[in-house]
């Protein structure tokens, strides 16, 4: 293997990129025009755009999840936050005399985002302030939050008629779906915040070794709280996006299991669940892989009752490919039968030319 | 045990060590950290196999491959950390895995009765059906011992059994040990507390650097000699730092101290003490392992919070609430545990070096990459960090180089007080000499240094003033002039125990 190939393969984004490309290309066999893009009525259309647009909420949630996981934590409550924020925004709009009034929509969005920040702060305080294990601390909001969302929506699906609100999830700006732009913006913001400031390094330090970080003078507590607040914010925006897309809020089903997809995206992206080094780009790739898989299942026509099993199978393969230990073991297992018999066989061979 | 050798990759942990134990005798195994005590115990109990040598138990050569074999042969061990199940009852713990059974059913009443009898033998009458966790550590220790001796022990190994016990509990434990002794059990006792060795043991074996120093009858070995045997003096020959013309402590101390501790202490950890460190002064902390050296230093940095007394920096009282406050006063602390409390193994050399400086600036004011590279480059060169690749993960560096990275992290914060806890432990001789030289240079440049080392020679060579600790208390403070040598420090350590309260030397 040449040095350059080694460098490419050694890059930790190599395997996720490879998996995504393979998934995308495999669609070509089932749908010829999979990669084609067209502009209709000033809007960009195509399978790739669909993947991006449908994947936008997951990308958002997974980005927030990445920074939480980098500190060695986890946030199980993001699905509940999605439901609560969507519910609150839709409820507020539904109480307005004119559901499409711009001021009503803006207040709804601000209320939703404000609540998301508060919920994130709650998680952060439970984890960093009180010292509850992250998985338990966020489990509280995961369960209680569902109940809260159902209370807000009165356990019904709130349907609204507000094109202005719908724009967040289904609108287009400069021919591109607005949801994609929002996700892109948040991802860029996260990358800038972590890589252009020292935040990323401090996060990785806290996640890598909390006690050593404390003794190096890092205010780990403050950073941890910030991270949960950011994760709440990301989930809140995703909540607005999901409810706007369908113009309704469903406290029971909105964002259900999205926390698991988000964690999966983070893991596929190469960030360790133990904390430390993280990669937002990897997470975005992971989220796209999951979304592409969902789309692929539809295009190749896997029977609906086999969908989950198929998905699980592909994800397992991707994760195994990702693991250096597995690759090492796999390669070793294919090779070892060779050397032991080779040694005695070689000895006479040496003697002949000598 | 004769001629025992045990090698780990790169280290010879035990080198031709002989060790014997007699029935009805308490044998203390002594040595500094890393001397090979725990390796010897693990060989004896079958945790490790041996590379060379033989183990003979009651005229029969044995070769334990697993702890269970050793147990069956009558060698029982009670480890420092009580390894019982806190959520089970006392009786269950004692008979775990060997419950008296009849037709597959556990005979609870028989088990509880036998457990009570067993503990009675140890002069302990407690309710054996209660959960173990409801009892104190001392009782739990007794239960562990009860479990150990019920396995018909001929040899009982107690590894640091007293480190978590108070004086009364220790006395109770010793009563039990004496009773076992009179029953003919051979007891191996490991501790860092010298007083306890002299109180309970009949025979002492000293190890140093994996070698046998000697076996002595306790009555024939004065404490002072024991300490010097444990520490050894061969290090002096290894390195020669040019004998510094000792700066006059009087001159150094004429100005205002950089930091002053008044009655600083932490309950149960460090007995309140006074100490001053002046700019340009190196204060050494000497004492055996577990004497409270690290704990004392941690109070200065706020790594642990002091709950008594106060700290003055440049004459003004400062409440050091945590590392951040200490760092804002230009205090730096290199922990003795590089891996667990110092470096972030996953991050690069560069990131580890700039970490503390970045932490003081906060996350919003990042050091520019160019400035980082400048600083890192300078210190990688100045401290000769090898390999000189700032983008390498720090966990892949050798111990000495990791130590230099940790030093670099603090040096770029330009501290006025540098606390070095065992900066030369576990690193090779060359790196050791470099670090010692650095300490001299830094203090010449006006930095105050608090220097901790288990090696007395090193403390003597570098320090202007030496505080001697014993049992978590500063027992003497000596000005390091011509009259002070290793013997004087050792005698301070040894005599403080004998004279106890009367002798609080402040030279």
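Including glycine, each Cβ sits where the backbone N, Cα and C put it.
Annotation source TrEMBL lists transmembrane segment at A:12-31 (among others).
Marked as transmembrane segment by TrEMBL: A:76-94 (among others).
Residues 73, 75, 77, 81, 84-86, 88-90, 92-93, 134, 137-138, 140-141, 145, 165, 168, 220-222, 224-233, 235-237, 239-240 of the same chain lie 6 or more positions beyond the ends of the transmembrane segment (A:106-128) yet place their CB under 8 Å from a CB of it. Residues or ranges marked as transmembrane segment in TrEMBL: A:106-128 (among others).
Taken from TrEMBL, the feature transmembrane segment covers A:135-153 (among others). Long-range contacts of the transmembrane segment (A:135-153) within its own chain (CB-CB distance under 8 A, at least 6 residues past either end) are made by residues 74-77, 79-81, 83-84, 86-88, 90-91, 119, 122-123, 126-127, 249-252, 254, 259.
The annotation transmembrane segment is assigned in TrEMBL to A:173-193 (among others). Within its own chain, the transmembrane segment (A:173-193) has Cβ neighbours under 8 Å at 39, 42-44, 49, 52-53, 55-57, 59-60, 63-64, 66-67, 167, 199, 230, 234, 237, 241, 245, 280-281, 284, counting only residues six or more beyond its boundaries.
TrEMBL lists A:223-242 (among others) with the feature transmembrane segment.
Listed as Cβ neighbours of the transmembrane segment (A:254-274) (distance under 8 Å, sequence separation of 6 or more from its ends, same chain) are residues 12-13, 15-16, 19, 57-59, 61-62, 64-66, 69-70, 72, 74-83, 86-87, 142, 149, 207, 235, 238-239, 242-243, 280-287, 289-290, 315, 318-319, 322. Under the heading transmembrane segment, TrEMBL lists A:254-274 (among others).
The transmembrane segment annotation in TrEMBL covers A:281-302 (among others).
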